[in-house]
Amino acid sequence: MRMAIGQADAVKGTTYPNPPVGAVILDRDGEVAGVGGTQPAGEAHAEVVALRRAGTRAAGGTAVVTLEPCNHQGRTGPCVDALLDAGVAAVVFAVSDPNPVAAGGAQRLTDAGVTVSSGVLADDVSGGPLREWLHRQRTGRPHVTWKFGASIDGRSAAADGTSQWITGAAARADVHRHRAVADAIVVGTGTVLSDDPTLTARLTDGTLAARQPLRVVVGEREISSESNILNDESRTMVIRTHDPLEVLQALSDRTDVILEGGPTLAGAFVRAGLVDRILAYLAPTLLGGPITAIDDVGVPTISQARRWRFDGVATVGADVRLSLVPN
Ligand SMILES: NC(=O)c1ccc[n+]([C@@H]2O[C@H](COP(=O)([O-])OP(=O)(O)OC[C@H]3O[C@@H](n4cnc5c(N)ncnc54)[C@H](OP(=O)(O)O)[C@@H]3O)[C@@H](O)[C@H]2O)c1
């Protein structure tokens, strides 16, 4: 299953509207015979890719899949049919398919005499490669990660408003890797006017990544037509609102949204309960001063503090990356 999760991670961001799924086929001796991840929409699902690679070795073997195999005729045939045609004896999956149209795969496999087990590394999958897709299935909204860089005292800019660069090159490269698989990056007009960011996904050599997220500017002020964010390296949407929900409605066809705005927009999203994950890059730096990473989050007293839970802590170069999810 860890191998299957690796396959899913590798195709994340390329499978919309399908979920990024990974699959591994073991032959009847338990040896890996084929691996695969979901291909772009209209092309093969993970199971089919792995089965093709396994060929005749799939017969009598085991399919290990991050999501319950689909039982649904979409642009491609049901994965359950492909597994049955290949003659696999057992299917192991992590997470059940919450989509009623595609669900029922496990039952059909069981009815056909295949040994089915579920829930294997389910938390690693539902908190990992499938996190954003599952959130969208559950809520109908894209999943929002608020990402910020700050000094150890929680300042996201120096007193004069300059913030490039608080964190080091390794942290920035990490952010660019995340952008390259995200569907949209959202900032407020304040960030555009003060930093003039480009908000593209770049490789470490400075060239553009193959896939660029939609850039989104939120706010009522005009931004200059010369702004970097309006260059032709990616598409840009300007949304003249202060309502975070309206922003997400405009992005309702997306799954993975990164909020990279300044303290004003971040506060508005948190107050609206629309931040699903926090990624904080903290530098071993002190800035002090008035510009905090986030403005008012609607907490008048400590008993009403918004509680989160760390779900990942890593060092990235000289900085620390904290990942938090709602508690
Ligand atoms: N370190 C970091 O990770 C990081 C990231 C981004 C920015 N920054 C720093 O943050 C500073 C800019 O802060 P900022 O707060 O101005 O940036 P911002 O949050 O990106 O933009 C704020 C603007 O967004 C609009 N807006 C959208 N929704 C709103 C709402 N619900 N309530 C109020 N306004 C809303 C308003 O513009 P209109 O008046 O146009 O409507 C507001 O002035 C800069 O110093 C920048 O360097 C740091």
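Just so it is clear, glycine is given a Cβ too, placed from its N, Cα and C backbone atoms.
Straight from TrEMBL, the features:
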type	residues	note
DOMAIN	1-117	domain 'CMP/dCMP-type deaminase'
BINDING	HIS45, CYS70, CYS79	Zn(2+) binding site
ACT_SITE	GLU47	active site, proton donor
BINDING	GLY149, TRP165, THR191, ASP195, LEU199, GLY262, PRO263, THR264, LEU265, ALA266, GLY267, ALA268	NADP(+) binding site
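The 10 Å shell around the Cβ of GLY149 (NADP(+) binding site) contains 24 further Cβ atoms across the protein chains shown. In this structure the C-alpha atoms belonging to CYS70 (Zn(2+) binding site) and the residue listed as 'active site, proton donor' are separated by 10 Å.
GLY149 are the recorded positions among GLU47, GLY149, GLY267 whose C-beta comes within less than 6 Å of an atom of ligand 1, given in sequence order.
Cβ packing within 10 Å was compared across the binding-site residues PRO263, GLY267, and the lowest neighbour count falls to GLY267. Here the candidates are the recorded positions HIS45, GLU47, CYS79. The one whose C-alpha lies nearest to that of GLY267 (NADP(+) binding site) is HIS45. Here CYS79 (Zn(2+) binding site) is positioned 6 angstrom away from the residue listed as 'active site, proton donor', judged by their C-alpha atoms. As a whole-number mean, the pLDDT of the domain 'CMP/dCMP-type deaminase' (1-117) in this prediction is 95. Taking the Cα atom of each, LEU265 (NADP(+) binding site) and HIS45 (Zn(2+) binding site) are about 37 angstrom apart.
The Cβ of LEU199 (NADP(+) binding site) lies under 8 Å from the Cβ of ARG179, ILE185, VAL187, PRO213, ARG215, ASN228, ILE229, SER234, GLU260, each of which sits 6+ residues away along the same chain. Cα separation, GLY149 (NADP(+) binding site) to CYS79 (Zn(2+) binding site), rounded: 42 Å.
Applying an 8 A CB threshold to same-chain residues 6+ apart, the list for CYS79 (Zn(2+) binding site) reads HIS45, ALA46, GLU47, VAL48, PRO69, CYS70, ASN71, GLY105.
Of all Cβ atoms in the protein chains displayed, 25 besides its own lie within 10 Å of the Cβ of THR191 (NADP(+) binding site). Around LEU265 (NADP(+) binding site), taking its Cβ as the centre, 26 other Cβ atoms fall within 10 Å, counting all chains.
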